[in-house]
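Engineer: Supplied in structure tokens, the structure appears directly below.
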Amino acid sequence: MANFGDRQNEIYLAGLGGQVPAYPMSYDELERRAELAMSPGTWSYVAGGAGDERTQRANREAFDHWGLVPRMLRATTERDQSVELFGHRLPTPLLMSPIGVIGICTQDGHGDLATARAAAATGVPMIASTLTEDPMEVVAAEQGETPGFFQLYCPTDPEVAQSLVGRAEDAGYRAIVVTLDTWVTGWRPRDLSTANFPQLRGRCLANYFSDPVFRSRLAAPPDEDPGSAILAWAQMFGRPLGWDDLAWLRSLTDLPVVLKGICHPDDARRAVDEGVDGIYVSTHGGRQANGGIAAIDCLPAVREAVPDTTVLLDSGVRSGSDVVKALALGADAVGVGRPYAFGAALGGTDGIVHVLRNILAEADLLMAVDGYPTVPDLGPEAMRRL
Ligand SMILES: Cc1cc2nc3c(=O)[nH]c(=O)nc-3n(C[C@H](O)[C@H](O)[C@H](O)COP(=O)(O)O)c2cc1C
Ligand SMILES: O=C(O)C(=O)c1ccccc1
């Protein structure tokens, strides 16, 4: 894949022929059209967050407090967005953050497969959620040559956890991303207002219902008694993890282990000291806790605390310039969440590919114009706090 800015040129050329792009070019328009395409319940689930959504807003607004310093006379057509992550060379620094129940966003209900196919088409890795409508093996098979990562919601039953991780390893996922901030779901007024959760639960349990250890805990198979199976899942969904659990988690796999939701530099330092391979700075897109600080504002201190460790970031990334800022502030790769779910709602795989390519095209052209042609060129000296 060459320069993603070429995408811009394709669109300009189509425009000269009078063609309007099939999907929105601005994030605000993407969001507006996705709202129209989704049912009110799906919209409130995807777009909503915790409390009155101040953290969610802060995640986005905080990007405005940082600015990139243009550097001239080092312009080049030779640009390169590639990065190395856990031993894999990726064409771009973008990741698709895990989105549970994304099946409700697409017309055919197979949102995880649409995401996997978009990963195959773009080289942007998918972090596959534990909460999917298709089992992780089926999702892995659609990712083509693009490495995939598996996100674990750690169940209270340790043998189920072990089974999920073992299956992810066997299915070819290249890292285990353990989400720390969602052992219980946060206070989400929009979901409570639409009474969404029962509908969601029935549609995201394929990894459990296909799991031999989970099934062994049931009196009857899930297809015979789905109600009891859902109850068994709800009772074991989230293990409140502590420092004492890290060695056990580490022992479950030889794959790199990444902790998602770390925001404090002391937590990052201790996790790395205890053998974790990656730190994923995230506030879960403001869905879990309200009244907090923005993820991007946590990044510089975490980067400084663990200078030699892979650091990922998500929460509030909406554009190529947001990606560039996150890279300059210390991320090795950058996750995007809601925007690609909105793309899925508008056009399945095509809609997701459009959203990813737009973000990448903007990042490519910004790096080209401002004199930072490769990812290693972007460091803290490229940024000013406004
Ligand atoms: C609808 C939805 C479902 C999500 N489900 C998961 C999940 O299953 N596992 C997880 O670790 N994070 C989940 N997240 C959080 C995302 O991985 C990511 O942290 C967040 O969306 C990033 O913020 P952004 O939406 O502002 O880009 C979900 C986010 C959304 C919007
Ligand atoms: O909505 C989320 O962000 C999420 O991670 C989740 C957690 C439990 C059930 C459904 C989704």
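Using the three backbone atoms N, Cα and C, a Cβ is placed for every residue, glycine included.
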Engineer: If TrEMBL says Pro98, Ile99, Gly100, Ser129, Gln151, Ser282, Asp314, Ser315, Gly316, Val317, Arg318, Gly337, Arg338 bind FMN, which of Thr76, Thr77, Thr179, Thr253 does it name for the same site?
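Structural biologist: The candidate from Thr76, Thr77, Thr179, Thr253 that TrEMBL ties to FMN along with Pro98, Ile99, Gly100, Ser129, Gln151, Ser282, Asp314, Ser315, Gly316, Val317, Arg318, Gly337, Arg338 is Thr179.
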Engineer: Quick one: which of these recorded positions, Arg188, Lys260, His284, Arg287, have their CA within 10 A of Gly100 (FMN binding site)?
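Structural biologist: For Gly100 (FMN binding site), the recorded positions whose Cα atoms are within 10 Å come to none.
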Engineer: Those binding-site residues, Gly100, Gln151, Arg188, Ser315: which ones have a Cβ sitting under 6 Å from ligand 1?
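Structural biologist: Near ligand 1, sequence order: Gly100, Gln151, Ser315.
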Engineer: Within 10 Å of Lys260 (glyoxylate binding site), Cα to Cα, which of the recorded positions Gln151, Ser282, His284, Ser315, Val317, Gly337 are there?
Structural biologist: Gln151, Ser282, His284
Engineer: Tell me which binding-site residues (Gly100, Arg188, Ser282, Arg287) have a Cβ under 6 A from ligand 2; sequence order is fine.
Structural biologist: Gly100, Arg287
Engineer: If you compare CA-to-CA distances from Gly337 (FMN binding site) to each of the recorded positions Tyr45, Tyr153, His284, which comes out shortest?
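Structural biologist: Sorting the recorded positions by distance from Gly337 (FMN binding site), the top entry is His284.
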Engineer: For Tyr45 (glyoxylate binding site) and His284 (active site, proton acceptor), determine the Cα separation and express it in whole Å.
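Structural biologist: Cα-Cα distance, Tyr45 (glyoxylate binding site) to His284 (active site, proton acceptor): 13 Å.
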Engineer: I'm trying to understand the geometry here, so how far is the Cα atom of Ser282 (FMN binding site) from the Cα atom of Arg188 (glyoxylate binding site), in Å to the nearest whole number?
Structural biologist: 18
